[in-house]
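*Asks:* Below is the structure I would like to discuss, written out as structure tokens.
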Amino acid sequence: MNSPEQWDRLMCPTADSSWIAREGGYDPLLERSRAARFAISNGFFGVRGVRAIHRGGRWAATSRTLVAGVFDTAGEEPGIPKLAVAPDWLKVRILLQGEPLIHHVDDEARQERILDMRRGVVIGKGDLSNESAFGVKMRSFHMASLSQRAIGMQIILLEMEQGAIEVTLEASIDAVDVGLLSERSEHGLSVWRTRSSGTRLAVAAAVTLQIDRQLIPFTVCGLSQWSWKWTSTPGQVICLTRMVAMTRAGKDDIDPARAAQEALASAQTLGWPALVAVHERAWQDRWACSEVEVEGDPSAQRALRFALYHLNGAANPADEHVSIAAKALTGDDYHGHVFWDTEIYLLPFYTLTWPEAARALLMYRFNTLAGARQKAASMGWQGALYAWESADTGAETCPLQVVGPDRKLVDVNCGKQEQHISADVAYAVWQYWHATGDDAFLREAGAEILLETARFWASRAKLESDGRCHIRGVIGPDEYHESIDDNAFTNVMARWNIRRAIETAALLRTSWPESWRRLSGQLKIDEAELQRWGRVAETIATGFDSNTGLFEQFAGFFTLEDIDIAAYAGRSVPIDVVLGRERIQRSRIVKQADVVALLALLPEEFPRGSAAANFEYYASRCGHGSSLSRAMHGIVAARLGQSEVALDFFRQTSAIDLDDTHVATEGGVHIASLGGIWMIAVLGFAGVSFAGDHLCLAPALPAAWKSLSFPMQWRGRHLRIEINDASAGVRVTLETGDPLKLAINGELFALSSAEPLVVNSKTQAGVA
Ligand code: BGC
């Protein structure tokens, strides 16, 4: 039996309020974005953060559980696989004298929900009553275990205000909204199946009730329902404990029910206090590996905590068959599809703080290579063209039409034309290998991705009469302009992709000849083909103008109408809605970082002195019509030494999910922009980069930031980096691993675990 002290400890949020997000009252307009912000997730399943007792669908804040990899195609045309809604395992109904508890307007101030980011749990507190003013004090708790990813747990504590009241408590696993087919149902166990893919989901559940610390048998029990009825006494304390285990299986895998029952049994054996303790330890470990601390700017600290909370909850290092959707598991906007967001905005974080998660995410791309090959072949090209929107198989899942802002159907051409995704995946593969030194991954998976994507580009780029190779008819990251030729981002990334593939082939040949023999045989790559790729890379058009130092975003961009976007400052809708689609397409206004994104990813491709000019030119023409945009601008501004401009981008990026500036938060948090917050801090303000052989730092903090410190992993070592602005000091500690050399502001220093490296970055008089 559990003691009141244990319950109090469970329900007591972390004392330091910087770890807490708190929301009081009940606002029907904000409930859905709050549900996304307060979502809990362990990378296998996620639950939107609704209250235990809610008003139901009318208030658009019903609980929603999403399980990674459970995609289904509804019976509609065109059939787009969507992340299916799993059964709601948190549902509770409480009746006092036959009337349900409800949220009254005058209750609002007495209710709050707390997201404890340090512990990865959501706590609810409130005084609730029904129409007849019979009331209870309620506390609730739920979590998605980070140590046993199959397990979810809920505890509800009630304290009765009045005696002699008939109380009914029902806990159920609700399947009303579930788009899955029921395959099997018995007490405490249900198995569901998707209609099209045959993926199965098993949910095993156990629920207990204690009244004044006595276990009470249920009065009625259905297959997925437990119900108790009793007469209250004043001050009576009731505790509902529910554990669920969820498991997923492919259509040909063994029955997932057994695994769910086993996971549930072992969680029950452990008992909830121990289950919570191991979950909290897992979060502690994640924080130890990733926490970014900022002194002097509490709102930036809060934004970083919030971002890292969702990033650490979004990945699952144990699953190589799923990736992270644009809204992670916090909402179903974009149907749970995976975009370049993962490789470009999230992988840097995982690669440098959680390489096991990064590897699993890249293995998803390896495991979906067949889909990418098929897409390339279906369009008449060779190699691998990844899906712009990817789900479970790697086939293209981008819809062909969507409803536009004016409620008319608009064509979506990204699935056919937004091809930079292949180079983005290759980029993340190379960065991961470079930063971790995971040679086994390169040999067994990464090299194949690099070679097949390079092969795609080499077939995609066509040599024309001007002696240059051109890539025509694409969409770049700026999606306002379609069917364009020679998008600088696409072409330069493609060239980089081809060059890294050629390097990989050379490396394999010399270092692991057996691997090269196997892979080149399997892919039928010979020397002549590699040489052909080399010629494509040499001659590809990039749009760089050496007179102005500018990359032209795509052929003809500089001849388009130059609209002064500053004249539209203060608008409340995106600029394409103000100007209309056609006018935007004829203008130089861009939706999001495009050349600026290239500058953030491959600064070495910009000839000396040209970075600032490109940044100024394109930043002043950007509408930031995507939540991804400002992060890239923030990184580049910070690296250019424009720390205050960068801080502005940092704050605007943070506001997207924290301050309800973006209605779309209702459909889930913007996980890419959360990755972007980490990137501005670490890749921007701390200036972390690793294009060459060494890890480099080039710090430049904004004035408000007194210090910035964070851990990172580099080629098997754990490092701690501390930047102190007051003394312009950089302190790097090697916590584990072999001595290394690292560059600080371009100067090379040696670091061993014997003593930290302390460098005054203004005078650079460090221990060399
Ligand atoms: C952006 C894309 C992004 C997608 C998903 C779109 O609005 O333009 O770059 O990948 O959202 O986040």
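From the backbone N, Cα and C atoms, a Cβ is placed for every residue, glycine too.
As annotated in TrEMBL:
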| type | residues | note |
| --- | --- | --- |
| DOMAIN | 23-246 | domain 'Glycoside hydrolase family 65 N-terminal' |
| DOMAIN | 305-679 | domain 'Glycoside hydrolase family 65 central catalytic' |
| BINDING | Trp340, Asp341, Lys591, Gln592 | substrate binding site |
| ACT_SITE | Glu479 | active site, proton donor |
| DOMAIN | 690-750 | domain 'Glycoside hydrolase family 65 C-terminal' |
*Asks:* Counting other Cβ atoms within 10 Å of each Cβ, which of the recorded positions Asp341, Glu479 scores lowest?
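*Replies:* Output over recorded positions Asp341, Glu479: least Cβ neighbours within 10 Å is Glu479.
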*Asks:* Using DSSP, how many residues of the domain 'Glycoside hydrolase family 65 C-terminal' (690-750) fall into helix, strand and coil, respectively?
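*Replies:* Taking each residue of the domain 'Glycoside hydrolase family 65 C-terminal' (690-750) in turn, the totals are 0 helix, 36 strand, 25 coil.
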*Asks:* Do any residues at least six apart in sequence from Gln592 (substrate binding site), in the same chain, have a Cβ closer than 8 Å to its Cβ, and if so which, in order?
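*Replies:* Once residues fewer than 6 apart are set aside, Gln592 (substrate binding site) is near Pro477, Asp478, Glu479, Cys622, Gly623, His624, Gly625, Ser626, Leu628, Ser629, Met632.
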*Asks:* Rounded to a whole number, what is the top Cα to Cα distance in Å among the residues the record ties to substrate, namely Trp340, Asp341, Lys591, Gln592?
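*Replies:* So the maximum pairwise Cα distance among the substrate binders is 16 Å.
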*Asks:* Which state, by DSSP, holds Gln592 (substrate binding site): helix, strand or coil?
*Replies:* coil
*Asks:* Near the Cβ of Lys591 (substrate binding site), how many other Cβ atoms are there if near means within 10 Å?
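*Replies:* Lys591 (substrate binding site) is surrounded by 22 other Cβ atoms within 10 Å.
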*Asks:* Within 10 angstroms of the C-beta of Trp340 (substrate binding site), what count of other C-beta atoms is obtained when all protein chains are considered?
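*Replies:* A count of 26.
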*Asks:* What three-state secondary structure does DSSP assign to Asp341 (substrate binding site)?
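*Replies:* SS state of Asp341 (substrate binding site) = helix.
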*Asks:* Could you please provide the mean pLDDT value for the domain 'Glycoside hydrolase family 65 C-terminal' (690-750)?
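*Replies:* Value for the domain 'Glycoside hydrolase family 65 C-terminal' (690-750), mean pLDDT as a whole number: 94.
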